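According to TrEMBL, the features are:
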REGION    65-103  region 'Disordered'
COMPBIAS  81-93  compositional bias 'Low complexity'
COMPBIAS  94-103  compositional bias 'Polar residues'
REGION    104-164  region 'Leucine repeat I (LRI)'
REGION    183-248  region 'VHIID'
MOTIF     214-218  motif 'VHIID'
REGION    264-296  region 'Leucine repeat II (LRII)'
REGION    402-476  region 'SAW'
Amino acid sequence: MFLYCPIHFLLKDYSEIQSPDTLDSDSDKMKLKLKELERALLADNDVDGDDDMFGTGLSMEVDGEWSDPIRMGSHHDSPKESSSSGSYLDSVSGNKEVSHVSSQTPKQMLIECAAILSEGHIEKASAIINELRQKVSIQGDPPQRIAAYMVEGLAARMAASGKSLYKALRCKEPPSSDRLAAMQILFEVCPCFKFGFMAANGAIIEAFKGEKRVHIIDFDISQGSQYITLIQTIAKLPGKPPHLRLTGVDDPESVQRLNGGLEIVGLRLEKLAEILGVPFEFRAVPSRTSLVAPSMLDCKPGEALIVNFAFLLHHMPDESVSTINQRDQLLRMVKSMNPKLVTVVEQDVNTNTSPFFPRFIEAYSYYSAVFDSLDATLPRESQDRMNVERQCLARDIVNIIACEGEERIERYEVAGKWRARMIMAGFKSCPMSSNVIDTIQKLIKEYCDRYKLKEDVGALHFGWEDKSLIVASAWS
């Protein structure tokens, strides 16, 4: 019996246009394209080799179900080796039809399908996808739910519709109230995201000391939730609060904005600041982040400048995508403005330059931990949980799995790589204060004890059990 998955129906139009039968005749072309893409991609490991933040000894979970395919996966970086007698396909049944998959777990079927697809075998991958769709459900346990979304990512990659599906998930209109509510719920019920914002705010508050005027620049302010908390905290500080000026960069073409853009966000924050007695000024800069220049940001003498990068930098293309390295270019531009503090909050996973097959495995490991954590905080039948996973997580998963080149937007990096980029741009690490760490540590205890906090090389890592999910750091 087919179990409902909304992404499957979003894919239906694309699969009808380009069915597996049609794709089979172009399999050689697709295979060549995939191999060329994989060969062009770069390795992207944590430069310090310390991405295992919680002492597992591995950067991602590897158990009996994964170990053999991972070993075989070492061949997939080379087109010559991927077609050799040591390929993954030779390790499975010699039959032309993949007939044994029905007895496997969804996890086993996913990794087999990804391995087969990485070798360009569209028909075999299609057979596994069809069986997987019968075994997974967005209403099941965490392994079933993540499989329900990841299988559609594989289907989108197979049908070369990843970009179209990603756009469909993001929607062309401004986000609905459901989408905005889902994002807020994600930050509340998955504490790792919430704690990342709290760590950044804690570092910002520390930088307020001794300052009469502070100017914060945020290149992706979203709905301004981080600054609601920040203004509330400022209002409680002893003495007269400093004058806060907040500049939000707003991409006019972004689908993530409400009607009216950041003006609505600014008005809401101004009203809150007025009620709480915090001197506050908001300014929106309508521009794509890559086009922002210091002259557009209206920095003034006598202000302490703070720049906040919360879940923004991974959207900036780097040297693996274009000769114009927007990611490092932005960091160097910010450094040239001589800020007192720069805060960085990012998801701690490598989906940037790793080839498709290892990227798929890493994404599964990472999002499995996220789905598990949601299962611990929201009941299985919760509509909020389903909305969070569908509105906030599914779109990222599909983009990571299905897209390549400029079409792949969700390009996360591990903590060591961010650290290297910041140092190369001229920044120095500012370890989080003991006050910030102690405050968050106390709050973590109010949640499930499977959430973890670890400090490493000045950065705070928030994780679920032994998996680091979010990393927050501060720089000067």
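Any Cβ shown, glycine's included, is placed from N, Cα and C.
Secondary structure counts, DSSP: the region 'VHIID' (183-248) has 37 helix, 12 strand, 17 coil.
Of the recorded ranges 104-164, 264-296, 402-476, the region 'VHIID' (183-248) has the largest number of C-beta contacts under 8 angstroms with 264-296.
Sorting the region 'Leucine repeat I (LRI)' (104-164) by DSSP state (H, G, I as helix; E, B as strand; all else coil) yields 47 helix, 0 strand, 14 coil.
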